[in-house]
Amino acid sequence: KSSKREWKPLEDHSCTDVPWLLLFILFCVGMGFICGFSIATGAAARLLSGYDSYGNICGQKNVKVEGIVNSGLDLTHKKYVFFLDPCNIDLVHQKIKSIALCVSACPRKELKTLADIQKFAETNGSTLCSYELQPSEYTTDPRAAKLCPKYPVPESAPIPFFHRCAPVNISCYAKFAEALITFVSDSSVLHRLISGVMTSKEIIMGLCLLSLVLSMILMVIIRYISRVLVWILTILVILGSLGGTGVLWWLYAKQRMSAGALETQIAKDNLQALLIYAIAATVFTVILFLIMLIMRKRVALTIALFHVAGKVFIHLPLLVFQPFWTFFVLILFWTYWITVLLFLGTTGSPVPNEEGFVEFRMAGPLKYMWWYHVVGLIWISEFILACQQMTVAGAVVTYYFTREKRNLPFTPILASVNRLVCYHLGTVAKGSFIITLVKIPRMILMYIHTQLKGKENACARCMLKACICCLWCLEKCLTYLNQNAYTATAINSTNFCTSAKDAFVILVENALRVAAINTVGDFMLFLGKVLIVCSTGLAGIMLLNYQRDYTIWVLPLIIVCLFAFLVAHCFLSIYEMVVDVLFLCFAIDTKYNDGSPGREFYMDKVLMEFVENSKKSMKEAGRGGGAEGRELKPM
């Protein structure tokens, strides 16, 4: 019955879900309290200046910690933290298992013996052994083996802004990565992977820039030649898939024929990687062809819908830049969040541990503050993404329901942002909170599944995976419903629940149209992402082929393809969002208007042609009395 309520697009503007906005503001105040508390308790100074194993903050005078020797020292002239064994990393407790000292300078060259360490202390005035040893005792005192750094001491350099001495040689980090990547049984493989990335870093950066340029070009193509875009993408993807698969098999055959000349392990690894890539590309090409064969009858409807979306981008060019500012805001928030998380890691009172050193721990309810901080990461991130959805929805709704396009606001995007800030922040806060409620249990179950891996029985493992899968599906459905609820809010200025209910009724009444038109449009956008990834990957294969004798391909190519997909997804997701908003507006327009006086359509001539073409197409499909024809008869 709610679907019979009168829709009045853009006629009334009122504040929606104000209590949820107040709740969100209070939550953000709590996030600010956590940051202020951590700074007030000295966590910021300990994080930025660094502290040693005895609780002394480097670069300042310190207060004595009861029961801890070497605490309360004046370290005004010792501003850098130095670890006696910087490569000894404890992954379980996420810390370096080494004594930390405050020193006046980091060793800028490798020190191979205790005599070198002693000479460095006498020359630079920077003592790298524990405070109770004098430089003259480094080579004579038997305690030096425990209280001095493990030698050879690697060349180090201070980390900017954080005053920690970090090893310059990448081999230390390679050992750290070996501990993380448990599936690598041969440590030399990992060293070759890392060296391959370092050798190809210029190529990787150039290919990442190429993916960004290709995404921008594809957006321009969508704007100006949307009528032929679908066919162009289809042909290019077919050619790209066949070409990429053919090139991989050609390179594999070429290197296999010269197998007798293969002497290096890197060349053998590249040959095996080429075979894997070629087989995977062949399977992917076959699956892609089968999907396109099934979807071929829906292409005509998709062309019309893409043309309408292309006109939206012509009138609203600032839509293209939405991913940039959203990504920029997310980066700023994530930087703040990580900084406060690091503050929390050094917040608390100094407590002696089992080894006689100092650790900072929080007692009482304050030790659960990081849970609040984690919830804030999810909710505020979803809030930022929901603001983008509401902004895009408001701009497209303004375009669609403005009969005379000459009367559009000068910048519909800014007008949409203004309406969002003035009226609908509460709705966005409520929608993002609902996604957070689903995401948190899923993340907890994923954490439990990771911790119990190999320990639980088959039944428990199956139930955990089923629950995770169900929550993931629920999250995706709610995200789609939220986006349509934001569109309904932008149209009628109703609160979140009313908008979600109205949008859900419209979507259910047009279920087959949603499946037939919207899904095909999303699939064609997916083909655009595939095109960008394949083009970038093919360019990467051709460039890396010139370095095959001394560079292993696997990791550089994976990095480039992942980055290309993320860039393409960020750009084309805006186009996908515009298509979804247009479809809901179109469904509302055709439901409540029939073109008669007083109930004129809001759609322009191109959408009228879309209606007529869809009507003819659906009538032909419904002549056999199928369910699809009956459902689409109101068109």
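Note that Cβ sites are derived from N, Cα and C of the backbone, with glycine treated the same way.
Outside the transmembrane segment (20-45), and at least 6 residues removed from its termini, the chain residues within Cβ reach (under 8 Å) are 57, 60, 336, 340, 343-348, 360, 366, 369, 372-373, 376, 379-380, 383, 425-427, 429-430, 433, 496. Look at TrEMBL and you will find 20-45 (among others) tagged as transmembrane segment.
Annotated transmembrane segment per TrEMBL: 203-222 (among others), in sequence order.
According to TrEMBL, the transmembrane segment annotation covers 228-253 (among others).
The transmembrane segment annotation in TrEMBL covers 274-294 (among others). Nonlocal intrachain contacts for the transmembrane segment (274-294), taken as residues 6+ away from its ends with a CB within less than 8 angstroms of a stretch CB, comprise 234, 237-238, 241-242, 244-245, 248-249, 251-252, 255, 523, 530, 553.
The transmembrane segment annotation in TrEMBL covers 300-320 (among others).
Positions annotated as transmembrane segment by TrEMBL: 327-348 (among others).
Within the chain carrying the transmembrane segment (368-401), a Cβ under 8 angstroms from the stretch's Cβ atoms is held by residues 9-10, 24, 27-28, 30-31, 34, 37, 312, 315-316, 319, 322, 326, 329-330, 333-334, 337, 340-341, 344, 362, 408-409, 412-413, 415-417, 419-420, 424, 427-429, 431-433, 435-436, 439-440, 443, 482-483, 486-487, 489-491, 574, 577-578, 581-582, 585-586, 589, 602-603, all 6 or more beyond its ends. Here TrEMBL flags 368-401 (among others) as transmembrane segment.
Among the features that TrEMBL reports, transmembrane segment is placed at 523-544 (among others). Counting residues 6+ beyond its ends, the transmembrane segment (523-544) has Cβ neighbours under 8 Å at 200, 203, 206-207, 210-211, 214-215, 218, 229-230, 233-234, 236-237, 240-241, 243-244, 247-248, 251, 288, 291, 295, 302, 306, 551, 553, 556-557, 560-561, 564-565, 567-569, 572, 575-576, 579 in the same chain.
The feature transmembrane segment is assigned by TrEMBL to 550-572 (among others).
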